[in-house]
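First comes the structure, then the notes that go with it.
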Amino acid sequence: MDNIYIEYNFTIQPKEPATEILIAELGNIGFESFVETENGVTAYIQKDDWNVSILEDVFILKSEEFKIDFNKKEVEQTNWNAEWEKNFNPIQVNDLVSIRAPFHKNPNLKYDVVIEPKMSFGTGHHETTHMMVQHLIDLDVEGKKVLDMGCGTGILAIFAEMKGANPIDAIDIDNWCYLNSLENVERNNCKNISVYEGEASLLEGKDYDVIIANINRNILLKDIKTYASCLNDKGILLLSGFYKEDIPVIDEEVLKYDLKLDRVIERNNWVAVKYIK
């Protein structure tokens, strides 16, 4: 039986930067997936995780800087593909990487990641995924052991394999993301990616040369210790899913484990940071 989700349709004026802030706040209270629309964003949360007062602590909804209206309805997962086909536009990163659905024209860039996004977070439209792709463009991952934690659609794991990484683990706590990543790994003919459903507890006894974690601030702060323990000497930790003003608190936690901040990419107040062990 398909899971029942609650769909919220938000109309936002002005759209930026309110959309990104709203997505971050909703992600922190259990919303799983987001589709940016012409007038705002559509957000989804499992009905089992929903309650009538769930939006009470979403601060941007109380802001006088933005006008945000919304309506909600119940949907089943089986309805989601049509929603993506209406809203998912292909993107390009640094004129090197294209991220597109099968029904989009191939722009013939060096790297072509083809995904059927369904409802997984991480289509490349979100600033953080875009910046993580930028980091990977500049990294030599040939023959490196890579972890994509919170893999969503599997974009970052797939791109890492295209750049020569081997082996790669892709992990997501959400069953829908797990299944979607399996499909996208196969769609891109990847042979070196293992996809798992679960959380950081799966990492016990593992080691990696590169760890990618694009999740959110709270989960990162909880799991950084685990990531650091799995990272090989001179390994690289890429973190995103938080704002520029969150860097000090993230930095404070990471530095406990003898990693050094090497690079920060910023995009519309979101950041993706690189640490070296």
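Note: Cβ is positioned from N, Cα and C throughout, glycine not excepted.
Its own atom aside, the Cβ of Thr129 (S-adenosyl-L-methionine binding site) has 25 Cβ atoms within 10 angstroms in the protein chains shown. The S-adenosyl-L-methionine binding site feature in TrEMBL is assigned to Thr129, Gly150, Asp172, Asn214.
DSSP classifies Gly150 (S-adenosyl-L-methionine binding site) as coil under the three-state reduction. Neighbour count (other Cβ atoms within 10 Å of the Cβ, all protein chains): 27 for Asp172 (S-adenosyl-L-methionine binding site).
Taking Cβ-Cβ distances under 8 Å and a sequence separation of 6 or more, the neighbours of Gly150 (S-adenosyl-L-methionine binding site) in its chain are Ile171, Asp172, Ile173, Ala213, Asn214, Ile215, Ile219, Gly241.
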